[in-house]
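Novice: Structure incoming, see below.
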Amino acid sequence: MSMTDLLNAEDIKKAVGAFSATDSFDHKKFFQMVGLKKKSADDVKKVFHMLDKDKSGFIEEDELGFILKGFSPDARDLSAKETKMLMAAGDKDGDGKIGVDEFSTLVAES
């Protein structure tokens, strides 16, 4: 399964392009622009599992830096600042990683 099986390729392209400048990433706007906010809880979980590259059941900080590439392979990496801000927004229990429920909450709050 690929991201375009769940989300519109044109929406992904526009969203990735909107945040092409370093330190411009806004997860709330991004999740809305790619159409993730409108998806079912099941589809949000499928996206989480695609972003969890090492299949640990969590998105760790190193994976989080590549989150845009999870949507589009030619997208940029997040800056260290953006990665830390996204982790702070998503890591509700403070364990240094984002679980599937935390990711679902992060998307729902956007």
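Glycine is treated like the rest: Cβ placed from N, Cα and C.
Below, the features straight out of Swiss-Prot:
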| type | residues | note |
| --- | --- | --- |
| BINDING | D52, D54, S56, F58, E60, E63 | Ca(2+) 1 binding site |
| BINDING | D91, D93, D95, K97, E102 | Ca(2+) 2 binding site |
| DOMAIN | 39-74 | domain 'EF-hand 1' |
| DOMAIN | 78-110 | domain 'EF-hand 2' |
| MOD_RES | S2 | phosphoserine |
| MOD_RES | S24 | phosphoserine |
Novice: For E60 (Ca(2+) 1 binding site), identify the closest of the binding-site residues D91, D93, K97, judging by Cα separation.
Specialist: K97
Novice: From the Cα of K97 (Ca(2+) 2 binding site) across to the Cα of F58 (Ca(2+) 1 binding site), what is the distance in angstrom?
Specialist: 6
Novice: What mean pLDDT does the predicted model reach across the domain 'EF-hand 2' (78-110)?
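Specialist: Across the domain 'EF-hand 2' (78-110), the average pLDDT comes out at 97.
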Novice: Going by DSSP assignments with H, G and I as helix and E and B as strand, what are the residue counts for the domain 'EF-hand 1' (39-74)?
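Specialist: Grouping H, G, I as helix and E, B as strand yields 20 helix, 3 strand, 13 coil.
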Novice: Around the Ca(2+) 1 site formed by D52, D54, S56, F58, E60, E63, which additional residues qualify by having Cβ within 8 Å of the site's Cβ center?
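Specialist: Apart from D52, D54, S56, F58, E60, E63, the close residues are K53, K55, G57, I59, K97.
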Novice: List the same-chain residues at least 6 positions away in sequence whose Cβ sits under 8 Å from the Cβ of E102 (Ca(2+) 2 binding site), in sequence order, or say none.
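Specialist: Listed in sequence order: G90, D91, K92, D93.
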Novice: Counting other Cβ atoms within 10 Å of each Cβ, which of the binding-site residues D52, E60, E63, D91, D93 scores lowest?
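Specialist: Least crowded of the binding-site residues D52, E60, E63, D91, D93, by Cβ count within 10 Å, is D93.
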Novice: Of the binding-site residues D52, D54, E63, which sits closest to S2 (phosphoserine) by Cα distance?
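Specialist: So, spelling it out, the nearest of the binding-site residues is D52.
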Novice: According to DSSP, which of helix, strand or coil covers E102 (Ca(2+) 2 binding site)?
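Specialist: Its secondary structure by DSSP: helix.
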Novice: Out of S2, S24, which has the highest number of nearby Cβ atoms, where nearby means within 10 Å of its Cβ, if these are the modified residues?
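Specialist: Per the Cβ count within 10 Å, the most buried is S24.
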Novice: What is the set of residues, excluding D91, D93, D95, K97, E102, whose C-beta falls within 8 angstroms of the centroid of the C-beta atoms at the Ca(2+) 2 site?
Specialist: F58, G90, K92, G94, G96, I98, G99
Novice: What does DSSP call D91 (Ca(2+) 2 binding site) in the simple three-state scheme?
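Specialist: Note: D91 (Ca(2+) 2 binding site) is coil by DSSP, not helix or strand.
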Novice: How many Å lie between the Cα of D95 (Ca(2+) 2 binding site) and the Cα of S56 (Ca(2+) 1 binding site)?
Specialist: 14
